[in-house]
């Protein structure tokens, strides 16, 4: 298990948890009530998740509208161009994801959200000019909107996790996934309603597709204005030497005086994590230890490169990137982006009944995600992901059989068409409780503390790039190999189930050192813990947890700076 530290690490975190629980109470619904101020802030920030989900679902309905097709030319009839029109959002989101860590660290999480909202709004405004400019404005606008969406999807969970106390952090971060599903759900029903503006035929008004696009502006502007009045992340403040401000923010977030013991414990825990990251960077990348904007920008790329240089870390890279590969190649975003066309292919009317069936997709996906948020820590990751993959793959194969037998005769076999539609709904349910939330949990858990931010960014990059590829090729696949599309998604999803079951370890309740044993990098977590233990002693956190009181000098930023500099010199 790595040299030492395992029992001591567990004892330390148990002591911290017991100390907090004695003063604050245990996790659960009651903890959310006690931390309602933070809960309210997190829910507001999750408007960013709603925007992400809304974008995923909204465009599928717009593509099916006759009035939209009049302005797009070949981009709604040529399947390759239709793929570009849809998938370019993911290409922008991929770029936004790569830049989000830099923006959030240099400008702050709070201002990073403001920048992402501004980019998002610019992209939406450009899309509204498509009435006169045509497909080019949709392409440019969706790429820019995607940059905003990708940044929001990364920065909002970081912000929520850093303003939340440990007792409710998991629940508040999980609300992001629910917000995304909520955005998908409402987008489908807004499309269904606006589809009737001016009729559903050739006389349909341009407002039918402009309204869903423009409606994005309202929550984006609300999020922008509201974030101006939200607090900075305490962790970001401490990381940038604004410790007194961080203590004040923590005090206000917890509704306690600044000198309250619980505020002091959390303040020192955050400070310890900040010092840990700075010293880890000083050891691994001494040339980047100075906290400049350029060094921050370079760090995320050289740190990701380092993950590929040892066999043990490369195993974690494989788990993170391949898990996200299989998440996208389950075909979930093919359903979300092209649901009306899929339902039309299964025998439903394109403009009405298929949009109604698409609306049901949003509802069942939202409902199916709730159990995962509540019970994933009890059920474990591997069984949930494996069962979900087998369920999704089986739905794909059944749909393939129904399409192969009835593709040119749906009118005579209406029952077969509705059976296929039900399989799509069941597929979405299986995704909602399994690969939707659980894939993200896996890629967040498998990394040592010192490499976690970069590992998660790498997994997210794989997610968006495969998302882009699926969005691009699906229209051509649905046209060229109608039932073969479902066979391909089904076989890949069965492979995903095998990958999870045979090659991915169960991460539920594993300590960081146990992760090291599983991935063959024993000692990494132990070394991380030794560094963290040294920092905890320096700043007085261990003394507080043992009931010995704080070391006053250790809490001040001026007292700490010489130690940080001295340690940095030692690690070069």
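Each residue, glycine too, has its Cβ placed from N, Cα and C.
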Given 41-64, 233-256, which one carries TrEMBL's transmembrane segment label?
-> 41-64
Of 210-232, 279-301, which range does TrEMBL call transmembrane segment?
-> 210-232
Candidate ranges 9-30, 383-404; TrEMBL annotation transmembrane segment resolves to 383-404
Transmembrane segment range according to TrEMBL, out of 84-104, 462-482 | 84-104
Considering the transmembrane segment (111-133), which listed stretch of 139-159, 210-232, 317-343, 355-376, 416-442 counts the most C-beta pairs under 8 Å | 139-159
Dominant neighbour of the transmembrane segment (171-190) in 41-64, 84-104, 355-376, 483-504, by Cβ pairs under 8 Å | 41-64
Would you call the transmembrane segment (210-232) and the transmembrane segment (84-104) in contact, using three or more Cβ pairs under 8 Å, pairs 6 or more apart in sequence?
-> no
Positions whose Cβ lies under 8 angstroms from the transmembrane segment (416-442), at least six residues beyond its ends = 174, 177, 181, 319-320, 323-324, 326-327, 330-332, 335, 339, 342-343, 346-348, 357, 360-361, 364-369, 371-373, 376, 381, 384-385, 387-389, 391-392, 395-396, 398-399, 402-403, 405-406, 410, 463, 496, 504, 507
Answer key: the stretch among 84-104, 355-376, 383-404, 483-504 with most Cβ pairs under 8 A to the transmembrane segment (139-159) is 84-104
